[in-house]
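Going by TrEMBL, these are the annotated features:
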type	residues	note
TRANSMEM	35-53	transmembrane segment
TRANSMEM	82-106	transmembrane segment
TRANSMEM	112-136	transmembrane segment
TRANSMEM	143-163	transmembrane segment
TRANSMEM	183-204	transmembrane segment
TRANSMEM	273-294	transmembrane segment
TRANSMEM	300-318	transmembrane segment
TRANSMEM	348-368	transmembrane segment
TRANSMEM	374-392	transmembrane segment
TRANSMEM	404-423	transmembrane segment
TRANSMEM	429-461	transmembrane segment
Amino acid sequence: MVALVLVVPVIRAIAMTLTSPYGITVLTSPSAPDATMLAVAGLWAGMLLLGRVRGPALRPPFLAHALAASDMSRMGGFRGPLLRGGLIVVSLVTAVAAAIGASLAVSGQTTLGSATLFAVAGVCVGVVAVVAWLAGQALPRTAAVLAPVLFTIAALTTQVSALHPYTPWGWVSLAYPSAAPGFASLLPLVALTLAAIAAVPTLMDLLSHSGLIAQSTRWEAASSRVAGMELSDAVSIYGAVPRVGRQWAAISSTTHRTWVFLRRDAVGAARTPIRLAVGVLAMMAAGGLLALSLNPEMPNGVLGAAASVILFAALGPLTDGIRHAASVAGDLPLYGIGDGSLIAHHSLFPLTLTVVVLVASSLIVALLIGHSALAAGVAALVLGLMTLAARVSGAMKGPLPPALLAPVPTPVGDLGAAARLAWALDGLLLTAAAGASVTLIAASPFPALIVGVTIGGLVLWRWRHRR
């Protein structure tokens, strides 16, 4: 029933999109092979980083401890979860490659042989991705350095077509569906896949007992919170631990309260520099997408929604102070400051960075593509304020209300699970609506006003009912 209601419509929508005239135009564009190169390199780099926090060779804490501390080899004790996780990854990557090849073959843009070869290339890419996932788990420090280097090299070699036959991601791009099947490019890709498989036993032996226990414990804790719809708590379990800047003074000698909070939050964010840098880069990307969505002839609500979701995620590393203020709201004022003033002061740092980075990136991209800079600046400012308000609302959300645990019988079934999911994802849903609405702000400000009032009302309601 779940497959009929959810999976089948999604698959049908994807198939219709890929075979539509717009989808075929995108898949047959001259830049499609280069985009494939970047996608493959991004997948491999992402799997390296994913393995550092949650690898494929993972079992429940007690079982992980018992197997890791025994005389059994790592391959013997953790082969099962590795194969299960690997099968899922390989299946997904192969499905994407097969869908692209089938769409081009059905539309007459390529031959069945080329589509089949690209699906085989997808299998190879998936297998290498699984080994990269395992490598990130076995060699976390090496993976942290190798992942950005790999993606940077891929981005540079994309611009030099003469290097494509000599890079793994280039082999995938040469196997992209075309009129002539690319057998030659598939041979080195298969050789790379076999070499990656041969490295699996060595990587498994490098898995440390402490690393297995740490990942297993964190995964179990995060899974239990996800089951309870406490998504923010689940994400916080994987938050970066400050390792630099411990000697930096977060509290200055000045008595000006605004500067004290601004400096405190800035220093706190800088103590996890990679997390802060990713947040700023994501905010810049959100600003660029927002400017692209503000086409005066045909506003793109999907791009606006994507920009707002990216911005919502980018504000995560910048709003630790807001979450701290919300966690102590309702208790005695330990700092001699009221709850409202504490949240307002902790909002200064993310607000300042949002105004500077988001608005500036939107203005720059708007000027480069010839759109109205004024419209881009206003839209970025409005979206930044609404997204920050959604972050404040999420910080004051609290645990799942018991009323949502009750069933919601309807003629189409029980909607209780949908209500709980909407409660858990309300921040993302509201920010997506905000992003779609600001793309229409030049034509009509009412959609953005309605979404803004909704977010503001939710903030006020949760403020009044804070514990």
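Note that Cβ sites are derived from N, Cα and C of the backbone, with glycine treated the same way.
The transmembrane segment (143-163) makes contact with the transmembrane segment (35-53): 3 or more of their CB pairs lie within 8 A, with pairs spaced 6 or more apart in sequence.
In this chain, the transmembrane segment (183-204) does not touch the transmembrane segment (273-294); fewer than three CB pairs sit within less than 8 A of each other, excluding pairs fewer than 6 residues apart. Proximity of distant same-chain residues to the transmembrane segment (183-204), defined by a Cβ-Cβ separation under 8 Å and at least 6 residues beyond the stretch ends, is recorded for 57, 73-75, 78-79, 82, 117, 120-121, 123-125, 127-128, 131-132, 134-135, 138-139, 165, 168, 170-172, 174-175. Cβ atoms under 8 Å from those of the transmembrane segment (300-318) belong to residues 235, 265, 269, 272, 275-276, 278-280, 282-283, 285-287, 289-290, 292-294, 349-350, 353-354, 358, 383-384, 386-388, 390-391, 427-428, 431-440 of the same chain, restricted to positions at least 6 beyond its ends.
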